[in-house]
Amino acid sequence: MDYILEMRNISKDFPGIRALNRVNLYIKPGEVHVLVGENGAGKSTLMKILTGVYSKDEGEIIFKGEKIDIKNPKEAQNIGISIIYQELNLVPQLSIAENIFLGREPLNGNGLIDWKNMYKNTEELLKRLNLNLDPRVKVKNLGIAQQQMIEIAKALSFKSELIIMDEPTSALAEKEIEQLFKVINQLKNSGVSIIYISHRLEEIKKIGDRLTVLRDGTYIGTYEVNSLNLDKIIQLMVGRKIEEKFPKEIATISEKVLEVKNINRGGILKNISFCLRKGEVLGLFGLMGAGRTELARAIFGADPIDSGEIYINGVKVNINSPLEAIKHGIGLLPEDRKMQGLIQIMSITSNITLPSLNNFIKRFFINKKLEKCTTAEYIKKLNIKTPSPLREVRYLSGGNQQKVVLAKWLCANVQVLIFDEPTRGIDVGAKVEIYKLINQLVREGKAVLLISSELPEILGMSDRILVMHEGEITGELLRQDASEEKILAYAMGRLKKVG
Amino acid sequence: MDKSQGQILLRENDKIINEFKKLTSVEYLQKYGILLALFLMCAILSIISPHFLKIGNIINILLQSSINAILAFGLTFVIITSGIDLSVGSILALGGVTMGIVLQNLSNVFFAILLGLLVSSLCGLTNGLLITRLDLPPFIVTLGMMSIARGFALIITKGYPISGLPPMVRFLGAGKILGIPVPVIIGGGIYIITHIILSQTKLGRYAYAIGGNEEATKLSGVDVNKYKIIIYTISGIFAGISGIVLAVFCKRKFPIFAKIFPQAPVGNFYVNLIAS
């Protein structure tokens, strides 16, 4: 048996999009196999097929030499495939042992829980991971890293021979990561295979044996990690089609619409000044915690500012609430579309007209006919895929939901649009559509502030780029001067613009 | 977009539409299930008892439930914003008692009703202000108001029942128009007003939006606090109206005690209402 797991020619279609197209994944016994790809490349979909969350449309899965058809996650667990998600699935109020044996507690002859046996088994599992913990301790008293170890112990308790780890290090500190890697190496030596999904490329070189690259739902290839350098990995992930992915058009850039001067907010935003012109896409990049979203919320009046001035079309304005921001022609497409951008249980129509409902009021009553006609226009203009304007937005895909948020602001006739992570969690095809809409907006003379943590997106779509680091604007670059290296240098605070 | 792409899109839309239809049949049951249960209950009762399906009996049921109904209509606003108002029972008592006291001393019907409504709306307004300005949970605020309003009702009556309401008021509780008791007509009128506000006006739309997602509503430029205050005030006013109707409905034989109005049946009632 060369491989413990073979996934051959796996395809999966979702309405309107092919999420996976004939993807292969071959895992050797006792190896750490890294799965890489950009957001939306199909990594999660592939793993969900493997663990029985989704069913595959085409292809076959062979596990330990046998062709299998996994129908649900429980079945996957029983045959020895476990997954540890980014968000841990533990019950904080229960003890370590109770968590590990949740739903399959060992029983004694009387039909009661056999605690002695349960604690003994848990101790053995913990010992295997070199963890010195009492099985009776409640999980809520453990740190994130230890909780993750408990998840691994749980996976081992199923006698898993294949453990999938989805971004296991995203919440861990340096030291904890080392501990995790030690455990991974131990597992490896005892013959357990690991599929390791990570965005942190440096880790891949440290822990990975082989690597499979996915891009836009297609299989790019499988390589020995040692044979690749980081640049090569990035190139394989991104491909060379930057132009196709970012169909940027330059619009005529004219007068200043928005200008902010010396905005401060309790250590989170420090002396922020910049301007935004009609027809311009101003990119705003920063690493996690740089203050990008906070800046957007401050301008939009969602969070209070300590000091600073905001000018709209050259006139100083006071913005203390989103209501005032909207009156002055600013709209925000928030980072968390589901929780902040939309009211999921309301219809597309009600969502679109919410900020501008006053325009639809005739003598106390909502003019529903006008409302419906207007909405239908936006549905057509933005190509929102829906059978009816009265459909609740929760039934729409991520891309279509984002379009509804955009329609909301267009309907309120705003001049400045702040896009905070507009394409997060949206598939590749819909991303391009959103970019094309941004092109259209600036062509019509609107101004766009594009906040993103994805460098290619910032580079691909911006006319000008601001870079933030720890609440300050550290760099400003024009489209033609910008490069990933320069932006990252500013974002990490290594470089700072003068003056 | 060229022709073939357009056709693909159309086909996709068809797919979504089919999916949509399937969903609605399930949703249909969810939405009207409780109403169906009500009809089923009526059907069973009609079979069991020959007296059930008589106009007299139906009117009697409507009369008995009209006070609960008015309370429930006010609560509906609050519940839609995903809030809760536990104080309606006490506000009902305070509103009714206030009117009664004024009537005993002044015998000006309109002034008495007005004052009853004013007091109850002030209770609702206070609820709204505490919830929004101090950012307190509605459960705690209205629980407090429940005791406060009940306390006031006991203070102003000194714990004694009120009797001797003038005949003009009694018409509100015991009178009939075209054979339909006045409380039923008042309840029906308030139902229509509630329905129109919720389905046709800005206030109604915002109420649903706040209940659906308060943060997103705020970020859409809605003055959420303002509308929450209005809604708790409405709940107070409606409780006051039901208090006044109850006060006169009871006539002399059943003097008003400033006691908390039973919460449980009210609770059931508004849950049913919202679900349907």
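Going from the start of the chain as shown, residues are counted 1 onward.
Glycine too: its Cβ is placed from the backbone N, Cα and C atoms.
What TrEMBL records for B:32-49 (among others) is transmembrane segment.
Positions annotated as transmembrane segment by TrEMBL: B:61-80 (among others). Residues 88-89, 92, 138, 181, 183-184, 186-187, 190-191, 194, 197-198, 207-208, 211, 231-232, 234-239, 241-242, 245-246, 249, 261, 265-266, 269-270, 273-274 of the same chain lie 6+ residues outside the transmembrane segment (B:61-80) yet bring a C-beta within less than 8 angstroms of a C-beta in it.
According to TrEMBL, the feature transmembrane segment maps to B:110-130 (among others). Note on the transmembrane segment (B:110-130): residues 85, 87, 91-92, 94-96, 98-100, 102-103, 136, 138, 141-142, 145, 148-149, 169, 228-237, 239-241, 243-244 of its chain, located 6 or more positions outside it, place their CB under 8 angstroms from a CB of the stretch.
If you look up TrEMBL, you'll see B:136-156 (among others) marked as transmembrane segment.
Cβ atoms under 8 Å from those of the transmembrane segment (B:177-198) belong to residues 59, 62-63, 65-67, 69-70, 73, 76-77, 80, 171, 204, 207-208, 238, 241, 245, 249 of the same chain, restricted to positions at least 6 beyond its ends. The feature transmembrane segment is assigned by TrEMBL to B:177-198 (among others).
Among the features that TrEMBL reports, transmembrane segment is placed at B:229-250 (among others).
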